[in-house]
């Protein structure tokens, strides 16, 4: 948004016009409101971003464009941001502006052509042609590619045009006849870097990278697929790409190469290909269905010869599994898998899917040491060399004693297939890495909060190992927050610090954390000496506090956490690494960095808080200690002394060494093999059990409570001593596999007193473990307990919560607040990016003395399915519903639910549990027990883990799809040949669709599940990919395919039932009381007598209490109130009529007693009941509304009758409106096929019933009766219809005939003269309320039903087919 010159809008504001002719808005003064106006940068649908124009609200409205709601939302958002700026602090505004600037930089890249993928000559409307290029834009998916004018593209991006031309004319495309695919050449060592490697020879391989390249080439020549397992940071990506480029240039093997990499490293792989192998045509096969369709159409092969265009495909695991049928149809010269440790489970779908690919060579790349068992190592070896490592049992038998006798035999067998090297071994120029643990004391406020948290959770802690592990974890997390900073435990309002001077605010921040006090001294000294620093923390809110501190200290910094996305992240990294950058610090989230981040320009790493898993901290250190680093890397790990944090670090080091890493060295290469798992039952995210957590919580707690509470002096530290020790050089671990231990140089700094950590641990080991009663003093416990009781009593008398407070409680989804007592201490506050519950929740759940609160049960009490999270279970259940006989299609379910890495055995176990519980719940609800006697037994749901599952819905889905499994062949080859052998109704799609397409659709559903239309479209074997999901405007789309599939499934189920001799169960109907034709009550014959009607099918008109039976109300009545009002009005009418009405029976009553209601008549078929549906679907209602728009006046006349007309005229007018409305309905229904006519006739009459007190059945019956009488009048009157007297006489006769059709009418025959009739009607009208519109309408309704007036003559030729002769 901007303020621009008035009228400077439209095409003259595009970037290419401005570059050629200058900016017409130049010199504009935004403050001059008279000559300027608000303008908005508009992205036009179907046009690329280079065609964006600045528009004002007036120009947009003048063009009458669609999508104005987007502009309204944008303006609304700008107003909200403007209001927020007035309330927010300067730090928040600065951060927002930084993010906005980075976002604008990202948007600018949308104007750059990344790749031209096609060209065409488009015919112009006025004659001639226009040459165009199909352009893929930078940072945007292929789906956003657009056709652009060739002149414009050639002028702005001539290099991309040249690259496109060279790709189109290239002869270096894949061929199956390449000789080296069948016979590998003899190996020749490469002693110098080839000239073609590295763009313009500006990139050079290091010695160890040349060795790695030679090893890869040697393995390929020996026909050995291999695993490259170098440590992170040694350039595995570069070595791999250079290997492919060697095959391309030296062996003339042009592919195709399939590279499967994580999405997070996709950009890095693209960049490295451009730099190291520029001649390889690499296509990134990612994106949605539309993007992948465009790639297959324009980037995959030449249209003329079907030869492959590309040399290498970059894709992800997820896309590969979605399109595995398509990708598996090609023969790949080389399969490359990055992050290959994801293939460690040989029972996972990902493993099995990739293993089936036809590949000539396989290369696995992993930088993560294998972690758990020898079988995982065998799984990788079996993947690359299935014939060499065929049997796991044999492999295990050969090496079962390796742990005791040594790994020499195993090394000898693995040497040709695995290469693992570490930085300290191969990169001698890489400086040393020195790590120190700096123990710091807590400040006085931290000690106070730490004691509060322990005391407050006393009832949960005293349970010890009997308590909930989740409760212990929550308490540990709260204590870790307190160790970092007091503000994480009890947040203060921002204004309390914003109003302070800078020095006072910094001092207040420092008093809240002993770590921050040490960090302040350390950073000041590091900045003076020219160092650059990386600061890591797990907690996002801690990064916020550090950012505030750095800003107030005026230290320039960058920040990277999970909220900062890919392109913005790249810009922050580039800014920090830029030559001459003034950035001093880089704040990083420990887990958000991911692989591929290079911050080698920094030489100091500060780990503010340690991760549960030391492996994550090692990866954090590697951000600076990697190739390109020229200085010694100093690593400072800050640990709060005598706290849970100190014990966690020590235990995590020991446990990770015992459970995970055993790295063995052989010759000059490192080989990764593993001992069998120690059955500890822990995970990498939480490597501690209950005993560990209980001991961690007790560590240092007793001494903390014994400290002199009056000693509130804040600590002071000697920074010179810290820096002196940091200069000590660490030569690296001497023992193999000792990277995790690192032989830390431990420095302990205490502020009040000096204590040896080893002595403290020795003393603790000698003592018996103390109980929490001995650790927390009794007086402290009593004080906290009294405070909690007092707060509980206050809560009882608190007024209702304000609306904004409720909103705050609801903020963030279902995040749970702390229970009573949490607010005071703030230890239950969430927001650090940790997925935890409040510690007090665990306390409440563990406290047996308190009554159980209603609501969701605690997480610790919920069932947990081993190996699956609730989110994974939810996806599994959703996919489970899509398949017939789902336990036979577990591989397809795993792919659909994105559970490809789960073993099929675990998936089968989960499926069986789901199936068993569904059957159990349905059997329970089918057989009511004594306990459920007297109440409804409608429980149809059950819990699978923490996921609720509707058993009835699940069973219904399985029942719908069950016939598919019995009907279709079991093998895919037979299914592709299989054809439906019965006729189906036309599909009415915009493409040609026949029985063969229906057969392929069912085969696709069998294989990929109901609703997986994208996967079916992708599978070329079904040959319907070009017919379905073509574009948004053409059928069939997903909803049309869903309807067609449901129809076909019903058909095959019906056929199977007939084949098996099953008959469809029908609902029992009441026996008909008479044998008369079903049309008797709809179209009455003129000769019928009142007596006949009284005796046919009529039950006693009295109820059990002797009262008159009230007419039933249609199911379309929206509320019971309407029904009551109708009953009251009807009762008043009956009372007003007196004894004359007691014997009257209405035709609709008789229909309710066994005779069907309105019928649908056709010339060739028997009459069918007109089904009157319930409330219409909103979309159907809107369609009905549009169809009935031509008779809008007639509908209004029904809704608002003219009160000045007499009742006779009112009846006549109503019948005329009904005739007009019915004619319109018949016209609308004619457009539908016979199978849908009945449904739409019901829908439209139901729509009309909303304008009257009549229901749909009554309206349709009256309409058909009017048509019959009009037809009879026309036949009787002949050509004398124009005679007014004759018409009046016919009117008079019709009235008499209608009178004879009154049900059970015992009243005296009315007078034949109109004068007597009008006189009687006037007397009746005096008895009713003339101003009551509904009462008047009720009289009209009664007249219409009794047939006391004949409708006006109408031309009803269109309705002759519905009249029964």
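Positions of Cβ are set from backbone N, Cα and C atoms, glycine also.
Under the heading domain 'Chromo 1', Swiss-Prot lists 16-86. Residues or ranges marked as domain 'Chromo 2' by Swiss-Prot on the basis of sequence analysis: 111-176. Summarising the annotation, Swiss-Prot assigns domain 'Helicase ATP-binding' to 217-387. Summarising the annotation, Swiss-Prot assigns ATP binding site to 230, 231, 232, 233, 234, 235, 236, 237 and lists sequence analysis as the type of evidence. Annotation comment: Swiss-Prot describes 338-341 as motif 'DEAH box'. What Swiss-Prot lists as domain 'Helicase C-terminal' is 518-669, and the listing cites sequence analysis. As annotated by Swiss-Prot, region 'Disordered' applies to 795-868, 1058-1163, 1271-1365. What Swiss-Prot records for 824-846 is compositional bias 'Acidic residues'. Annotation source Swiss-Prot lists compositional bias 'Basic residues' at 1061-1072. The feature compositional bias 'Basic and acidic residues' is assigned by Swiss-Prot to 1073-1082, 1090-1125, 1132-1141, 1271-1284, 1309-1335, 1354-1365. Sequence annotations record features per position, and here Swiss-Prot assigns compositional bias 'Low complexity' to 1287-1296.
Break the domain 'Chromo 2' (111-176) down by DSSP state and the numbers are 22 helix, 24 strand, 20 coil. Least crowded of the binding-site residues (232, 234), judged by neighbouring Cβ atoms within 10 Å of its own Cβ: 232. Mapped onto three states, the DSSP output places residue 232 (ATP binding site) in coil. Mean model confidence of the domain 'Chromo 2' (111-176) amounts to 89 (pLDDT, 0 to 100 scale). Other residues of the same chain near the ATP site, with their Cβ within 8 Å of the Cβ centroid of 230, 231, 232, 233, 234, 235, 236, 237, are 367. Under the DSSP three-state reduction, residue 237 (ATP binding site) is assigned to helix. Residue counts for the motif 'DEAH box' (338-341) under DSSP, helix first, then strand, then coil, are 2 helix, 1 strand, 1 coil. Neighbour list (residue 237 (ATP binding site), Cβ cut-off 8 Å, at least 6 residues apart, same chain): 265, 268, 269, 272, 338, 365. Shown are the binding-site residues 233, 235; of these, the residue with the fewest other Cβ atoms within 10 Å is 235. Residue counts for the domain 'Chromo 1' (16-86) by DSSP state, with H, G and I taken as helix and E and B as strand, are 34 helix, 10 strand, 27 coil.
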